[in-house]
Amino acid sequence: VVAVYGTLSDLLSVASNKLGIKATSVYNGKGGLIDDIALIRDDDVLFVCEGEPFIDPQTDVKFHEELTGSHTDWLTLNVGGRYFTTTRSTLVNKEPDSMLAHMFKDKDAWGNKQDHRGAFLIDRSPEYFEPILNYLRHGQLIVNDGINLLGVLEEARFFGIDSLIEHLEVAIKNSQPAEDHSPISRKEFVRFLLATPTKSELRCQGLNFSGADLSRLDLRYINFKMANLSRCNLAHANLCCANLERADLSGSVLDCANLQGVKMLCSNAEGASLKGCNFEDPSGLKANLEGANLKGVDMEGSQMTGINLRVATLKNAKLKNCNLRGATLAGTDLENCDLSGCDLQEANLRGSNVKGAIFEEMLTPLHMSQSVR
């Protein structure tokens, strides 16, 4: 029962929403086509359709099928307790090879069970079935807000609606939020740290912290492998035994950071500031910066006893007053480095490039072998 008001288009819109079809025509009880809403009287019984010719429900539908040679008889489906009224042709013509088409192409071919009202029973989700039925009616994928597209996709696969499956897969892909590559803020990371047990391994591999303020945080043993830490403030941070392998630390500030036993193999710290850092682990665990890019870094006053800087690049770096006692500098590029005031006792400089390097005011005399370039 509906209130009739407005225009004929308004009535068709109301009928479409209530019946779940795309109503295009309105007939009176005698099959007369109504083209003006003013012709409708109170208590009239109206019939709407999607363009099919009028069929008097009081006549023999089977006779009409035999006369027209088509499957246009109306069916009622009970899908998960919800009733849908449609035509046999809707279920058959759009996807003739689908399960629904095989179920209703020939009457009783599948021995379809019916409820007490004569509706065909289908044990599936009604909310996911509705978009499928509408697609079979007009060929458009229309899904109401709040309906999970994945659920509709599973129903489409179950019923074998192949052409709809492709539409749904595209719609699901387009509905996915774009990947968020924005940097992680200090507030977000601190919340993450607080929610993680101290004994759990914290993996931040490949994450983007670019420009973040991580100063004075306890970052011990965290895996920052291949993470983006460029232009970060890590001053006074505790990075003891942290894994910074292949991480990007370019332009970052790590002044006075604790880097005991840190792993920085092949990391990029070009232009970073590491003044007054402590790489020296009393337990004997040595910091490993092998192959790191340390061009132009400022490491003045850092404690680097036993550090591994093998084949690292330290061109134009400031290493003034650093403790490099027993450091491995084999094959290291020290071109134009300021090493004045450094303790290089027992340091291995074999094969290193010291062209233009400054060694004045060293705490311990350096005896370079011929292998030093």
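Here the Cβ of each residue, glycine as well, is placed from N, Cα and C on the backbone.
Per TrEMBL, the features are:
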DOMAIN    1-66  domain 'KHA'
DOMAIN    75-145  domain 'BTB'
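Mapped onto DSSP classes, the domain 'BTB' (75-145) shows 25 helix, 15 strand, 31 coil. Per DSSP, the secondary structure of the domain 'KHA' (1-66) breaks down as 21 helix, 7 strand, 38 coil.
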